[in-house]
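These features come from TrEMBL:
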BINDING   7, 8, 9, 10, 11, 132, 133, 134, 135, 136, 137, 138, 139, 140  ATP binding site
BINDING   57  substrate binding site
């Protein structure tokens, strides 16, 4: 899925804002995102497909710890060949991880493959409609329809508020998330809320 120049520019802006969030501010924001996401997820049963943080992505460690303490079934994705959807393997804190494609940690190949009921995705940029910009590979745009062909799946984004943009230039293949948790609020697709950007 080729990335348009407009999407690339917006991705770069949001990534720079994320990179600039450092130190105590980042620590507090990460904890707040984890708390907001946890409160939403505890209402929803089923297997939770998480992610291993890459680069400057919001680290999901605090959220993982909370979910594991509740006894939730967790999974991590295995990065597939280009053009294919993600597959998820059962995983719990302490289980071994191996380097997958693009050097992203993933469960060992002998871990059980599972179909999550909930998918947690880390957007680089997002808007109030819950459209997201990732890294341009289209993994989640392929994965969500593939999973939803099997059963209902709730897709939750987790990100810092500074990654919000006015509008993602969405295309036909772009799949919005159901909600996005930031340290500022929970954005729910279809809910008419005022953008924080409107107040700037």
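The backbone N, Cα and C atoms fix where each Cβ goes, and this holds for glycine too.
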State the Cα to Cα distance, in Å, between residue 7 (ATP binding site) and residue 57 (substrate binding site), rounded to an integer.
18
Widest Cα pair spacing in Å over the listed ATP contacts 7, 8, 9, 10, 11, 132, 133, 134, 135, 136, 137, 138, 139, 140 is 20
Could you tell me the C-alpha distance between residue 9 (ATP binding site) and residue 57 (substrate binding site) in angstrom, no decimals?
18
Between the Cα atoms of residue 133 (ATP binding site) and residue 57 (substrate binding site), find the distance and write it as a whole number of Å.
13
Which of 135, 139 (the binding-site residues) has the most other Cβ atoms within 10 Å?
139
Going by C-beta under 8 A and a gap of 6 or more residues, the same-chain neighbours of the residue listed as 'substrate binding site' are 18, 51, 122
